[in-house]
Amino acid sequence: MTAASRANPYSIVSSEEDGLHLVTMSGANGFGNGKVHTRRRCRNRFVKKNGQCNIEFANMDEKSQRYLADMFTTCVDIRWRYMLLIFSLAFLASWLLFGIIFWVIAVAHGDLEPAEGRGRTPCVMQVHGFMAAFLFSIETQTTIGYGLRCVTEECPVAVFMVVAQSIVGCIIDSFMIGAIMAKMARPKKRAQTLLFSHNAVVALRDGKLCLMWRVGNLRKSHIVEAHVRAQLIKPRVTEEGEYIPLDQIDIDVGFDKGLDRIFLVSPITILHEIDEASPLFGISRQDLETDDFEIVVILEGMVEATAMTTQARSSYLANEILWGHRFEPVLFEEKNQYKIDYSHFHKTYEVPSTPRCSAKDLVENKFLLPSANSFCYENELAFLSRDEEDEADGDQDGRSRDGLSPQARHDFDRLQAGGGVLEQRPYRRESEI
């Protein structure tokens, strides 16, 4: 039996689009049989895949005044081109304002008259027109100091304006530098290197149906105190007939047990056990295909370099949740280290033995679950890994015609018959909660 033929019972999903079609139909005892059908059209997202909220504000009273009242946050939030335009205009306006003031002082003092008709010291040396006053304003605020133009003791008001312009220039510089640094160091940019799987999956874990999705960190720098949470968002009508378009329900990811706090060094599968307290308790595979809800997942933590809190968000619509699938392993042990293969991060494989019924029916009707010793994809991968190691060691004695040793063939037959679980091999399962 070849490796390719052994992998045939499992359908590998390589993309989100393919995953929407690999859905099993009902079979005996509530289990699927691998048939294919299509899903309904997607609803509008509340949170996009990139974490942006799909909302638009309208009819806000005094919006401009409120945004201007919090000018610093406004400058940090707006786009770079608008922020640079605002500061450029601020500098230009201050130069023009003080240039006009120095020009008015020169006119009032008679400094613009011909030199032979003045007979007194000017307020600002070498200022004979508005352009010269404007250049003096720029030199004062930027401390260029060419040396041709300077204020004298003749006019105290000119001295006062030089001091005032220096203070205004420092304020603008400080505000601009602070806004630029805050914008560059914003922790939300760290969220660009935090990854969520394209799909969530529902599968059995320790005899219970669980909702699972995968998170990963693309940088070697850690997310300190990382923790996850999730909410189910769906429309609801109350007992009084009130319609709530986006009702938010918490989804437990192990808060009471501390399982929501994760060590995000390698990709981790987040797990929500579908029990009596879960909003998904009564949802079966058929309900999932027609239901209208969205699961918003959030990963929070502190950036190691700056200790600032960052948040990464994503969401899964009902048609992005693959029932009866599991994630492919991405973490492998290789020589003296662990290797993470991100090409498998979004991939899933189908588990035909997953019950099609809801977790509620599974508990109440006591459907028979597959044996804990049944052959699974991870065991098959470990089996192939051991086979490859045997070949690398040059142990070719006793090989059968299809490339397997008698002991390997015995293990394989025993696993297919449900006789036991393959012992742990160098290729191991991914880190999971």
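Even glycines carry a Cβ here, placed using N, Cα and C.
Across all of the topological domain 'Cytoplasmic' (1-77), the predicted model scores a mean pLDDT of 62. The feature topological domain 'Cytoplasmic' is assigned by Swiss-Prot to 1-77 (among others), with similarity to another entry given as support.
According to Swiss-Prot, the transmembrane segment annotation covers 78-104 (among others).
The annotation topological domain 'Extracellular' is assigned in Swiss-Prot to 105-129 (among others). Within the chain, the topological domain 'Extracellular' (105-129) has long-range Cβ neighbours (under 8 A, six or more residues past its boundaries) at 136, 148-152, 154-155, 157-158, 161.
Swiss-Prot lists 130-146 with the feature intramembrane segment.
Taken from Swiss-Prot, the feature K(+) 1 binding site covers Thr143, and the record attributes it to similarity to another entry. Listed in sequence order, there are no same-chain residues at least 6 apart in sequence whose CB falls under 8 Å from the CB of Thr143 (K(+) 1 binding site).
Sequence annotations record features per position, and here Swiss-Prot assigns K(+) 2 binding site to Thr143, Ile144 based on similarity to another entry. Annotation note: Thr143 (K(+) 1 binding site) sits in a coil segment as assigned by DSSP.
What Swiss-Prot records for 143-148 is motif 'Selectivity filter', and it gives similarity to another entry as the kind of evidence.
The Cβ of Gly145 (K(+) 3 binding site) has 10 neighbouring Cβ atoms from other residues within 10 Å, across all protein chains displayed. What Swiss-Prot records for Ile144, Gly145 is K(+) 3 binding site.
Marked as K(+) 4 binding site by Swiss-Prot on the basis of similarity to another entry: Gly145, Tyr146. Note: Tyr146 (K(+) 4 binding site) has non-local neighbours Glu139, i.e. same-chain residues 6+ apart with C-beta under 8 A of its own C-beta.
Taken from Swiss-Prot, the feature topological domain 'Extracellular' covers 147-155 (among others), and the record attributes it to similarity to another entry.
What Swiss-Prot records for 156-183 (among others) is transmembrane segment, and it gives similarity to another entry as the kind of evidence. Listed by sequence, the residues of this chain that lie at least six past the ends of the transmembrane segment (156-183) yet keep a Cβ under 8 A from its Cβ atoms are 72, 75-76, 80, 83, 87, 90-91, 94, 98, 101-102, 105, 123-124, 137, 140-142.
Residues or ranges marked as topological domain 'Cytoplasmic' by Swiss-Prot: 184-433 (among others).
Among the features that Swiss-Prot reports, region 'Disordered' is placed at 387-433.
Among the features that Swiss-Prot reports, compositional bias 'Basic and acidic residues' is placed at 396-414.
Packing against the transmembrane segment (78-104) from elsewhere in the chain are residues 123-124, 127, 129-130, 133-138, 140-141, 158, 161, 164-165, 168-169, 172, 176, 179-180, 183: each is 6 or more residues past its ends and has a CB under 8 Å from a CB in it. Sequence-distant contacts (6 or more apart, same chain, Cβ under 8 Å) of Ile144 (K(+) 2 binding site) comprise Ile138.
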